[in-house]
Amino acid sequence: MTAAAVLAGHEGPAAAVSVPLLVKRLGRVDYAPAWEAMQHFTASRGEDTADEIWLLEHPPVYTLGQAGRPEHLLRNDAGIPLVKIDRGGQITYHGPGQLVAYLLLDLRRRHLKVRELVALMEQAVIDCLAEYGLHAERKDGAPGVYIDGAKIAALGLRVRNGCSYHGLALNVDADLAPFGWINPCGYEGLQTIRLKDFGVGDDVAAVGERLLQHLLRLLPPGVVPSR
């Protein structure tokens with residue numbers, strides 16, 4: 001799928017907020033065109049461009065954020081691609097069975113600071129997992145969502161001209177072996193887990209719809225600047 005195809009996507013209905021928000025359910029998309037599409041969307045948006053949330057999966061890929069160090073890739077027996085990208089954070093893995101939600105938002109219109117958006121994304125995941133009877137929590141100084149100290153969701157953002165892109169990744173039924181070949185998010189020995197480990201049978205699409213409702217509930221409304 002090309003970057004242009006990602007941008008076309010499948011648009012859902014606008015959310016019931018003052019600032020228009022479109023939801024795109026993209027299925028499985030290669031990382032590079034998705035990243036290119038996020039950059040293009042953010043660079044070309046205007047004051048009245050609708051915000052968007054993209055729900056998708058990626059084929060196996062490691063991404064290395066701006067704070068990442070190549071030595072955190074310990075081994076790569078499977079030949080998984082490594083892509084150096086512009087989000088915050090360090091190294092992580094994306095692959096089938098992992099829900100990815102990209103939040104392309106004008107933070108100024110929604111009166112959101114970056115740290116507030118991070119906390120909002122974490123809370124949306126925590127509330128989503130609570131629907132499955134799971135108690136998840138934050139960890140000071142280590143963005144993401146954890147259950148008993150093991151990481152189930154990773155976060156990373158880039159903000160350009162007051163607008164965010166990238167977002168979060170939640171392990172649903174992903175193969176966790178590739179996490180064992182890195183120091184996830186730069187932390188040696190950090191355990192990663194998935195919803196499947198707790199008997200959750202929902203697939204990525206079903207979990208995505210639950211998470212989406214919590215994101216929409218928590219996002220503050222905003223106003224498109226009048227002309």
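Each position is counted from 1, following the chain as shown.
The backbone N, Cα and C atoms fix where each Cβ goes, glycine too.
Per Swiss-Prot, the features are as follows:
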ACT_SITE  Cys185  active site, acyl-thioester intermediate
BINDING   Arg87, Gly88, Gly89, Gln90, Ile91, Thr92, Tyr93, His94, Ala154, Leu155, Gly156, Gly167, Leu168, Ala169  substrate binding site
DOMAIN    47-223  domain 'BPL/LPL catalytic'
SITE      Lys151  site 'Lowers pKa of active site Cys'
(request) Sorry to bug you, but what's the C-alpha spacing from Lys151 (site 'Lowers pKa of active site Cys') to Ile91 (substrate binding site), rounded to the closest Å? (result) 14
(request) Look up Gly89 (substrate binding site) in the DSSP assignment and report helix, strand or coil. (result) coil
(request) Rounded to the nearest Å, what's the C-alpha distance separating Gly89 (substrate binding site) and Lys151 (site 'Lowers pKa of active site Cys')? Just drop the number here, would you? (result) 15
(request) Please report the number of other Cβ atoms within 10 Å of the Cβ of Lys151 (site 'Lowers pKa of active site Cys'). (result) 21
(request) Work out how many Å separate Lys151 (site 'Lowers pKa of active site Cys') and Tyr93 (substrate binding site) at their Cα atoms, rounded off. (result) 12
(request) Consider each pair of residues in Arg87, Gly88, Gly89, Gln90, Ile91, Thr92, Tyr93, His94, Ala154, Leu155, Gly156, Gly167, Leu168, Ala169, all listed by the record as binding substrate, and report the largest Cα separation in Å as a whole number. (result) 16
